[in-house]
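The feature signal peptide is assigned by TrEMBL to 1-19. For 49-74, 86-110, 122-142, 154-175, 195-217, 229-247, the entry in TrEMBL reads transmembrane segment. For 93-145, the entry in TrEMBL reads domain 'G-protein coupled receptors family 3 profile'.
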Amino acid sequence: MAFFPVLVFLLSLSVGVSGQEEAESTALPWGCGLGLGRPYTLLCDLESVWGVAVEAVAVSGGLAAILLALVLLCRLRGVSEAEKRSAVGPLLLLLLGIVGLFGLSFAYLVERSEGACVVRRALWGVVFALCFSCLLVQGVRLRRLSRERRSPGGCVLSGLAVALTAVQGIIAAEWLLLTVQRQGQAACAFEPLDFSLACGYVVALLLVATATSGAALCGGRSRAWRCSALWLLTACLLSLLLWAAWFSSL
């Protein structure tokens, strides 16, 4: 895991810059021998296996998504059909959202603090909104291709995905301002129901993406585009199952 030493260095540097000069009252966990103390001990604690395992999966997944994006960009030169090139922009944004999801997992590995809770509340819905917006615009693209054999441009689809994501960004910012800035609540002091309501727009995006992909699958004539719509619908349904399981656990 070549990325791990770099991550440890950056995290230890951030700890030094924050001005925490007080000595640790307890011994550092086994594996944290580079001066990496609280609240980042789960990133290096070899006795807490799940933290290191999640970190390994997050780093591997993020690097895999970046590699896929590079491969997609390299193969872009060999794609001349406009209907296929229109999918590149949303796919790159989707991979960016996946990298963001893997990166966001590190915010849940550190101990709860005001900064960590702000990052969790601000980025959780935004990153998922980016992913689901990309699925939605891909459904719109496949529906147009299956019916009219033409697709909106890649820039138009990417702009639509970014605009839909920006709505969730505004919702998250308003939620933080109302609860933390105006009401003076701690960033970590929120009810699970409030968190789920703040992500209601994200669920709406996923539902619309599922309906759009289903319409592209049922209403299309081209077998190739229907196959793509089937994969898209499968991804949306799996996402719905995961979110339903998450809501039931709140």
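Positions of Cβ are set from backbone N, Cα and C atoms, glycine also.
Because TrEMBL annotations are produced automatically, they should be read as predictions rather than curated entries.
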>> I'm a bit unsure how to read this: which one of 49-74, 86-110, 154-175 has the highest number of Cβ pairs shorter than 8 Å with the transmembrane segment (122-142)?
In response: 154-175
>> Please report, as numbers and ranges, the same-chain residues at least 6 past the borders of the transmembrane segment (154-175) whose CB is under 8 Å from any CB of it.
In response: 85-90, 92-93, 121-123, 125-126, 128-130, 133-134, 136-138, 140-141, 194, 198, 201-202, 205
